[in-house]
Structure formats: C-alpha cells, structure tokens
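One structure is given below, encoded as structure tokens.
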Amino acid sequence: MLNETPALAPDGQPYRLLTLRNNAGMVVTLMDWGATLLSARIPLSDGSVREALLGCASPECYQDQAAFLGASIGRYANRIANSRYTFDGETVTLSPSQGVNQLHGGPEGFDKRRWQIVNQNDRQVLFALSSDDGDQGFPGNLGATVQYRLTDDNRISITYRATVDKPCPVNMTNHVYFNLDGEQSDVRNHKLQILADEYLPVDEGGIPHDGLKSVAGTSFDFRSAKIIASEFLADDDQRKVKGYDHAFLLQAKGDGKKVAAHVWSADEKLQLKVYTTAPALQFYSGNFLGGTPSRGTEPYADWQGLALESEFLPDSPNHPEWPQPDCFLRPGEEYSSLTEYQFIAE
C-alpha cells in the first residue's frame with residue numbers, strides 16, 4: 001500500500017509511505033525519504049501487537065532528529081578519519097559531518113535524500129538513488145538500490161546494491177534502532193549475543209586507534225548471551241564513548257545464513273536474530289539518543305534504543321590491512337550487502 005502525506009519533505013513534495021504485510025500479521029512501514037524504516041509491528045503469542053523500532057510521530061518529525069532513525073546510510077556508513085583517504089597514491093578529501101571526520105556519508109548523506117520507488121507490493125519495495133561525481137567529496141557517479149522484503153517468518157530482508165564509474169569506498173547500511181520491549185524503556189535490560197571474537201577500540205571521536213582487539217576477558221565479550229547492563233561502562237573503551245558504540249568483526253565472515261547477533265527483550269516475549277553478509281556489526285547502545293523525538297509526548301532518553309548496523313569496519317578506506325573484504329568498489333563491479341532482521345514472538 002502506498003500513501004502520500006499532506007506534510008511536505010524538504011524538496012517540497014509529499015512523503016510517500018509504504019506498508020508491507022505478511023501472513024503472520026506483521027506490518028512494516030517505510031518512507032521514500034531516506035529509504036527509511038519507520039515501524040515494525042509484531043503480533044505476540046498473547047494476542048497483543050508490539051512495536052519493535054524507534055520512530056517519530058510523523059514523517060516530518062524525522063527532520064528534527066540527528067540519530068539517523070531507521071534511515072539508509074551511504075555512500076559510506078560510520079566514520080572516515082579526518083574526512084580523507086588515499087587511493088592509488090591520490091588523496092581524496094570528503095565533506096566532514098562530525099567535527100573533522102565524516103560520519104555516515106557526509107552532511108547530506110543518503111539518509112537526507114528522496115529515493116525513487118522503482119516497484120512495490122505488499123511484500124517488498126525497491127528504492128533507487130543516483131549520487132553524482134563529487135557528492136560529499138566522493139569520486140564517481142554512483143547508482144544505488146535498496147530492496148526491503150518482508151517474509152512470512154517475520155524477517156525484514158534488506159539488500160543494498162551499488163555500481164560506480166570511478167573507484168570509491170562503498171559501505172551502505174540501515175540505521176534502525178530496536179527496543180524489543182515496545183516502549184520508551186532502557187535497552188540495557190535486553191539480553192544480547194554477538195558472535196564475534198574481535199572488536200575495534202575507538203577514541204572519543206569514534207575513530208579506531210589501536211587495531212582489532214580480542215573480546216576475551218573484556219566487557220565486549222558477547223559470545224555468550226548476557227544482559228547489556230551487566231558490564232556497561234566497565235572499561236575505558238566504553239567510557240570514552242558513554243557506552244557501546246563499537247564494531248565487532250563477525251565469526252560468520254560474510255555467511256548470511258549464520259546468526260551474527262541475537263537479542264532478547266527484557267520480558268522475553270520478543271527476540272531478534274540478525275543475519276548479514278557484511279563482515280562487521282556496529283553495536284550502538286543509544287548513548288546519545290536523549291532529546292530525539294519519539295512517537296509519544298516525551299522524547300527518547302539515552303539508552304532507549306540499540307542499533308546493530310551491518311557494515312565494513314569504520315575508517316576502512318584508511319586501513320587496507322584489516323582482515324575483511326576490500327571496501328573499494330570499482331567500475332564493472334557490483335556492491336551487494338544483505339542483512340536480515342528476524343523477529344521471533346514468544
């Protein structure tokens with residue numbers, strides 16, 4: 001189903017809202033602005049329906065937040081240090097968007113664009129976007145698509161694809177936030193498992209500084225499920241950024257059929273499993289969500305949503321030595337990244 005809103009987006013046109021439904025009764029809502037996930041409502045075994053995603057009260061309210069709620073991120077998700085990288089001996093300077101660094105593709109990233117609806121029905125929608133040579137400092141013309149698909153086993157399947165006519169780092173993701181308790185509550189009470197042996201420490205600006213580190217013996221060891229609060233702010237790597245905001249190099253190594261992460265609501269009525277072909281997941285515990293508009297009368301507070309962003313490791317264009325696929329896309333190649341979020345009602 002496709003609807004247009006009376007409210008106008010920054011380009012002066014209505015927001016276009018799309019609804020996906022499956023045979024299990026799950027309903028997902030999206031909009032074309034930012035190719036954004038707005039809502040995911042899952043029927044529980046007790047007959048109630050639970051909202052699993054953070055979101056705003058109306059499409060236009062998304063212009064009043066800086067948390068990237070549910071948005072498609074590109075060309076390059078996460079941070080690039082000092083907004084520059086070197087490729088084939090040439091230094092490329094990008095548009096900074098967080099201090100001196102570039103975050104999530106620049107000040108006018110893909111989250112702030114209207115994506116075109118290529119096709120859609122009750123089960124899937126395909127969005128497309130063109131990004132010109134020099135956009136946010138990136139070289140080459142880039143064509144991108146994202147397909148959202150809702151399956152009958154309650155998976156939101158997200159496939160990003162891109163092509164370029166000049167070599168360019170490409171790292172697309174969705175910045176959806178989850179609260180499986182279905183309300184404005186503290187996600188640190190969720191139980192979390194991340195199947196990763198290494199994580200990437202960062203400085204206060206979120207920039208990697210010492211390379212990958214084993215999770216063993218640290219508060220970053222989520223290989224066995226644990227309550228997020230159990231070791232929250234337990235070491236300096238967390239305290240630098242007010243909690244968890246770190247990339248984990250996954251054991252799955254790009255195998256999208258293996259579970260990358262598993263989340264349980266505090267009341268254990270809803271679970272989430274994450275599958276991805278991306279090499280890493282960025283676990284963000286919502287450390288700076290405070291003041292973000294919500295669906296209710298009160299804004300979100302810090303730690304009321306968590307993100308599990310599938311991606312290359314942050315600042316990968318400056319670290320070709322890291323054990324993951326090359327983040328540079330070249331002419332004649334296709335970037336493709338698949339992530340699935342599966343909800344399991346108890």
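Backbone N, Cα and C atoms are what each Cβ position is placed from, and that goes for glycine too.
Feature annotations, reproduced from Swiss-Prot:
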type	residues	note
BINDING	R79, D245	substrate binding site
ACT_SITE	H175	active site, proton donor
ACT_SITE	E309	active site, proton acceptor
Problem set entry | Residue among recorded positions R79, H175, D245 with Cα closest to the Cα of E309 (active site, proton acceptor) | H175
Exercise. Per 10 Å Cβ neighbour count, which of the recorded positions D245, E309 ranks highest?
Worked result: E309
Exercise. Among all the protein chains here, how many other CB atoms are within 10 A of the CB of the residue listed as 'active site, proton donor'?
Worked result: 21
Problem set entry | R79 (substrate binding site) CB neighbourhood, other CB atoms within 10 A | 21
For this session: Return one of helix, strand or coil for R79 (substrate binding site), based on DSSP.
Result: strand
